[in-house]
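Q: Before I ask anything, let me first share the structure, which is written out below as structure tokens.
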Amino acid sequence: MPASPSAVGGDAYSASGSSLPSPAALDARKRRVTYFYEPSIGDYYYGQGHPMKPHRIRMAHNLVVHYSLHRLMEICRPFPASAADIRRFHSEDYVDFLASVTPQVLAASASASASAVNVAHGGGASHQYESSYARQLRRFNVGEDCPVFEGLFEFCQASAGGSIGAAVKLNRGDADIAINWAGGLHHAKKCEASGFCYVNDIVLGVLELLKFHKRVLYVDIDVHHGDGVEEAFYTTDRVMTVSFHKYGDFFPGTGHIKDVGFGSGKYYALNVPLNDGMDDESFRGLFRPLILKVMEIYQPEAVVLQCGADSLAGDRLGCFNLSVRGHADCLRFLRSFNVPLMVLGGGGYTIRNVARCWCYETAVAVGVEPENKLPYNEYYEYFGPDYTLHIEPKNMENKNSQSDLEKIRNLLLEHLSRLQHVPSVPFQDRPPKTESPEEEDDDMDRRPQCQLWNGVGYDSEQEDVKPCCGDMMENDSADHRKNGSMAVSP
């Protein structure tokens, strides 16, 4: 097992000549935390049986409020990202499609297309008469995994707006940690949707951070490889990506240990491929030494952590066996370096556990330890029969042997050793500072395609009930809707 940060932090840093102090010493400092939450986020609905449920974000927020964690943070409602904001990464035609497509438009388009086919061929099918929207659905990979639902573009705007807003807070020095649980949608590509993700809020947030920070580290602990973010920054040394994920016959099929970046970005992509059953001890034994070495060598000026909760034990689409505490240990460790930190959501399909995890990680961010017994809340019945914040790991085999994990760790440490120094980044004219979201600013290789969801419905418990409008903190957010942010004093 690797030594703890308190044991190695100071010595390792002094030996490397880094000016960063010991993580153990820094962890005691209070952090200024800003938390982004859009009250309507839980109203968006991917469709009957679809495993992605934005309602989980509302449930997490509900727990945050009932544990009184909101009193220890600044609470902000994000400005919706504009189409111009989203085009900073995504292609114009793709953004235009997302902004215009609705279930009603699709239905009308399909009806018109069917009529044209019937008139021309007496009911025979013809690709020639396929509607323009149908062609765009295929082109932009919108369909089963990534359906068209009511308010799709507004959902994307809320998610991306939170991550851009979090970056702005960090850029201005107004916060040490900025949280957006509606973000972390790491599969979206420049010109297409993928894996339940339409707009890559992470890339947009990182691009905002790069306006003021020479180097940004991105760390991904979702059970699925962070392919969209890695692809976006694969050829640059200004962003280092580190992804811990299940690798093999598993979506998205990328993230081999030998995928290390290209050109100026060579060795600035770090992939940690894992097998089923990854538990807390094994995960910590890889995460801490690798991230410590990354921090020593790369010396990022800002860090983004994607906290996909599908790596928790018992996730419907996951295959790891992490506890909430084991998952949150990654955040706790990165927090200890006292580098500006953006914390985002991601996957997570057993929504009661997603809510538990992100509530606890909010507590870790503000530096408190909440009671395990859950306070009574609007979604209390979801958390039975135990009604506790923490979950126990499942009785499942860890298919990651110690010898395999040691080989992975040693190979990745060897990759890191090839980065002899902090990359020097010439600062050309800085991009304009983001002042007001109301003022709009006037091709990569395609990865192999596969599906994240096999189409099997997820209808058990209450988890597939379409959420109702109006929920927690709606009263609190009345003024917030006008002002764009709401500060809550401790």
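Going from the start of the chain as shown, residues are counted 1 onward.
Using the three backbone atoms N, Cα and C, a Cβ is placed for every residue, glycine included.
Pulled the feature table from TrEMBL, pasting it below:
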type: BINDING; residues: Asp145, Gly195, Tyr349; note: substrate binding site
type: BINDING; residues: Asp222, His224, Asp310; note: divalent metal cation binding site
type: COMPBIAS; residues: 11-22; note: compositional bias 'Low complexity'
type: DOMAIN; residues: 50-363; note: domain 'Histone deacetylase'
type: REGION; residues: 1-22; note: region 'Disordered'
type: REGION; residues: 423-490; note: region 'Disordered'
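Have a look at these and tell me how they're positioned relative to everything else.
A: The Cβ neighbour count for Tyr349 (substrate binding site), using a 10 Å radius over every protein chain in view, is 24.
For Asp222 (divalent metal cation binding site), other Cβ atoms within 10 Å of its Cβ number 27.
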Q: What whole-number Å value do you get for the CA-CA distance of His224 (divalent metal cation binding site) and Gly195 (substrate binding site)?
A: 9
Q: Quick one: Cα separation, Asp222 (divalent metal cation binding site) versus Tyr349 (substrate binding site), in Å?
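A: That comes out at 12 Å between the alpha carbons.
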Q: Using DSSP and collapsing to three states, where does Tyr349 (substrate binding site) fall: helix, strand or coil?
A: coil
Q: Kindly assign Asp310 (divalent metal cation binding site) to one of the three DSSP-derived states: helix, strand or coil.
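A: Helix, per DSSP.
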Q: Checking your reading of the structure: which of the binding-site residues Asp145, Gly195, Tyr349 lie inside a 10 Å Cα sphere centred on Asp310 (divalent metal cation binding site)?
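A: So far as Cα distances go, the binding-site residues lying within 10 Å of Asp310 (divalent metal cation binding site) are Tyr349.
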